[in-house]
């Protein structure tokens, strides 16, 4: 019989529950949402009110609390179907809510946080290896297979910010090591994925410029200027304009 600590959970992508390499299905959309929110707050009490808010988006039926208990019951059964005894990790916190106990190495976001934290204290080459490993834990947008309610949307936004911070560190270390040419393709993808993230655009311009691709760097600036004007009604920051002037004067 498998021990509960052999189970692995994933929220950095579609919701995932697996034993070894084998994913295990978790049926029922509301049961999946309950599990996702408990994982997003693993080892913390999630109040019944928060779970009700997630499931019914501030328009709960009169039977919401009783129905929530039914979903918790089905979640416990589903966990035991994965491996007997796994439901014991889902506890009730008196009458206030529920908590899912997750051990070290069981939840992908915990591994991501550990790796990015370690990277901050290492020299560039080691830090990049750790960040590569951390970013490799992402299988796509967080919980992309679930119609998230307000509580989950907040957690998903936090996870995305954590990913962006790690990407900024990853790009910055490559720039520090002078790997501008190797970064161009990656940064092109990042500015496409995050069109309003000015920092990525700035590094893209810089990588092109340092790779002797001046005209493309100038084109990247014009593209950023149009995006900011059209979407936000603002101009590029002083830092970006300063880099633009440097690129312009380099050709004189």
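The backbone N, Cα and C atoms fix where each Cβ goes, and this holds for glycine too.
TrEMBL labels come from automatic prediction, so no person has curated them.
The DNA-binding region annotation in TrEMBL covers 1-102.
For 1-102, the entry in TrEMBL reads domain 'OmpR/PhoB-type'.
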(Q) Across the domain 'OmpR/PhoB-type' (1-102), what are the DSSP residue counts per state (helix, strand, coil)? (A) 47 helix, 20 strand, 35 coil
Q | For the DNA-binding region (1-102), the mean pLDDT of the predicted model | A | 91
